[in-house]
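The region 'Disordered' annotation in TrEMBL covers 1-31, 376-395. The compositional bias 'Low complexity' annotation in TrEMBL covers 1-11. If you look up TrEMBL, you'll see 378-395 marked as compositional bias 'Basic and acidic residues'. The AMP binding site annotation in TrEMBL covers H468, N469, A470, T471, H472, D509, D622, Q674. Taken from TrEMBL, the feature active site, proton donor applies to H468. Annotated Zn(2+) 1 binding site per TrEMBL: H472, H508, D509, D622, in sequence order. The feature Zn(2+) 2 binding site is assigned by TrEMBL to D509.
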Amino acid sequence: MRWCCGGSYSENGGGGSGSSSRTPHQQPTPLLTVATGSATSNTHDTFGPMQVKMHKTPVGMHENQYFIGNQKSFEAVLVTEGTGESVLLDSLRASGWNCTISFPTQATSDVESICPLAVFIDLRVPHPSQIAKDVSSVSTEEVLIVSIAEKHISEKRRRALGQSNIIHHVTWNTRDVTLFDYVGRLANRIRALPALFAVLDETDQAVEVCDEQRVVQYVNRAYENVTGCIRSEVIGQPESEMRRKSLPRARGEEERRRSSDWKFIRVPFANNSQFVYMKRSNTTGEAAIFRDVSLKSLKSQTGGIEAPISEVLTMLRDVSSRVDGEPAQTIKDAMKVLSSHELYAPSINRFRDADRIATQYYDGLIRLHHPARQRKRSVVDAHREKRGSHGERRRVSADVKNALENDNCWKFDILHLEKVSDHHALSQVGMKVFERWKVCDVLGCSDELLNRWILSIEAHYHAGNTYHNATHAADVLQATSFFLDSPSVAIHVNESHAVAALLAAAVHDLDHPGRGNAYLINTRQSLAILYNDNSILENHHIALAFQLTLQHNANVNIFSNLSREEFIQMRHAMVEMVLATDISRHFEYLAKFNKMHVTDVAEEQRDTNSLTICDMLVKCADISNPAREWGLCQRWAHRIVEEYFEQTREEKEKGLPVTMEVFDRNTCNVPITQCGFIDMFAREAFATFTEFAKLGELSDQLESNYEKWKLMTSQWTPSHNTNLVL
C-alpha cells in the first residue's frame, strides 16, 4: 500500500518462505479501516493505511479487522459579545465546522465542556489576552487560539497577543479557512493514535519502533514481558541486540530479512525512516510470552553485558516457552547441563554404573574437587544456633574501640580507623568481624591463633602503596561482612562459604606490588611467567595466603583442625572468590550471577548458588568505593589514581607500553576517570547485586557520587593532580 507520504508498505516485513513484495498497483487489506461508507474528500482523511472519518463514529471491530472512527467533529468556540455572524463564520460552517457562540464570562466553561480545536476571540471584548490565558489553562488538548478584528493589526500588537497564547490573527470578512481545516485534519489524526496504541498494548506480539537513528520510540506491553525490560527505561535508548537476541538488521533500503522469532519492517518516509521489530506469533497462534525468573535485573538488561553462553540460554528459554510436553522438558534438561560450572567436563551419569575404571579416571583426573553431599547450614541457621555465645573481648584502645562502633554500617569510616590504629585497620576490624561471624567456631581454632594469622596477613601487605594496602583489604572485608548481613543474601549462603568470603576478602590483594597485571606482563616479571599471564596477581594473592598459613614454623595454620574434605572445600571457595576479583573477568562473573536461579532448586544447586553469590559480593566489595559516602568515595579515588599515576610515570620512563594513558598526571581529569569506571564496571554490578540483596540505597549513593564527579569535570585542571593523597 502506498503511504500518504510516499514509499511502500510491506505487510509481513520480508523475505523468506511465503513472503512476496507488493507492487504499487496492488491494494492489500488495510490494517485499519472505517466501518461503513465509502471515502469521500469531505468526510474522510487518509492517514497511512487508515481512513479517519471527519464526524462521530464509534470504535469497534469488523471482520476481524480493527477500525477506528474519529471521536469528535471539528468544534470551534467564538468568544464575542455580539451575534458573531460574519463571512468568516459562514465559511467555517460551510467547511464543516460546528461553531458555538460564547460570551466572555462563559468562555472558560464552554471551552472546558466542548473541547474545541479552535477558539476565536473577538478583540472588541474586554481583556482578550486574559481570556486566552484562561482558555489555555482549562484545555485538556492542544487548542488553536485565534484573534478576530475588523482589519489587520500591527506587528507590535500581534507580538503582545502572542505572549498570551494567541498565535494567529484573522479578519471578520476573510473567506480563507484553509489553515483551520489543516489543523482539524492534524488533530483528527492525533486523536486516532490513542486507539492504535491501545490495540498495540493488547496484542500478544512484542513490538519495538525505532527512529532513523535506531533510537527506540515505542515498545508495547508484550515487549516488556518478552524481554523483561521496563518501557520507561527502553524508550529513548539505542536499539539493543541484548534485548532482542535474534533480530536481523537491515542492510539495504528494501531488505526485509526473516528470523525464527522476530520480523523486521522498515517504514519509509520522505526525509527519514522508522524501523519496526515485531515478535512473531507461535505456531498455535496463542500468546507465548516468557517471563525471565532469574535474578537478572531489569536495569542491567539495558546495558551491554552478555556472555555467549547467556545468549544461548536465553534463546533456549524462549523456545521452551513455546513448546509443551516432552520437547519442553528436553530443552530444560539441556539448559541445566549448559548452566553447569564444569561445562566441558563429562558428566558422571554418562558412565555405566559398572564402569569402575572410567569413574575413577573421572574423579582422579578431571573432577579434582568433589565434595560430599551433606546438608549445609545457611548463615541464618548458624547464627540462630550460636546466638548469645560471645567469646572473650579483645583489649583495644578507646580510640580504636570508638572507631569500630559502627563497623556493621555502610557509613563506616575505615580511613579513620587506619589513622587511630596506626595503620592496623585490617587486624582491628578483622578480629571484630571474625568474632561476630564466629569464624573460630567454624574453623575450630582459638582466638589467639586467628589473631596471629590476621597479623601475619596484614604484615605482608605493602604499606607504601597508596591504594592496594592493608587498609583497602580491611575496607573490602567490612563491605563483605555488610553484604552478608543482608537477610536476602544470608538465606542463600551456607556457613562455610560465608567464612570463606570473609577470609578471601582479607587476603584478596596480599603482597600487591602497586602495579597491575599488564605492567607485570610487559616487564616480564617472574609472577607473570609463573602464572602464564593469566590472573597473575589474583593467583599470587591467594597462593601466598595459603603458603603463609600452612608453613609449619609460623604457627598460624587456622585450618589445622579442619578435616581433609572441609579444608578442600574451604580452599576451593577462597580461591574461587579471590580469582573473581580479577577485573578482566568482571563481565564473566556478572553474567554468571545474572543467570542464577534461586527458587525451587536442588540441594547441589543451592551450594553452587551460595558460591556464585559470594563470588559476586566479594567482587562488589572490591569495587565498592564509588558507592561509599562521598567523603570516603573521593579519598579512595584519589588513592587509586595516585597509584595509577606512578605506574604510568614508570612505564613512560622505562619505554614500556602505557597501560592506561588517561592516568598521566600532567593531563588527567580525575572526575572523568571516575565517571568512566562507574559507567564501565560499577553501575551494572551494583544495580544487579543490590537488587538481589535489597540494598538499593547503595546504588542511590553511587548515582549521587556520579553526579558530583560530573559536576567537577569542567573545573578540574592538571594542577589538581598534585598531592592528591595527603
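Along the chain as shown, residues are numbered 1 onward.
A Cβ is built for glycine as well, from the same backbone N, Cα and C atoms used for every other residue.
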*Taking only the Cα atoms, work out how far H468 (AMP binding site) lies from H508 (Zn(2+) 1 binding site), in Å, as a whole number.*
10
*Residues H468, N469, A470, T471, H472, D509, D622, Q674 [recorded AMP binders]: greatest CA to CA distance in Å*: 22
*Sorry to bug you, but what's the C-alpha spacing from D622 (AMP binding site) to H508 (Zn(2+) 1 binding site), rounded to the closest Å?*
9
*Output the one of H472, H508 that, of all these binding-site residues, has the highest number of other Cβ atoms within 10 Å of its Cβ.*
H508
*Specify all same-chain residues, apart from the site residues H472, H508, D509, D622, whose Cβ lies within 8 angstroms of the center of the Cβ atoms of the Zn(2+) 1 site, ordered by sequence.*
H468, A473, V476, A505, H512, T581
*When you measure from the Cβ of T471 (AMP binding site), which residues in the chain that are at least 6 apart have a Cβ under 8 Å away?*
I414, L415, E418, H423, A425, L426
*Cβ contacts of A470 (AMP binding site) (under 8 Å, same chain, 6 or more positions away)*: H423, H424, A425, L426, E458, Y461, A463
*Does D509 (AMP binding site) have same-chain partners at least 6 apart in sequence with Cβ under 8 Å from its own Cβ, and which are they?*
Y461, H468, H472, A473, V476, L537, H541, T581
*asked:* List every residue in the same chain as N469 (AMP binding site), at least 6 positions away in sequence, whose Cβ is under 8 Å from its Cβ.
replied: Y461, H462, A463, H512
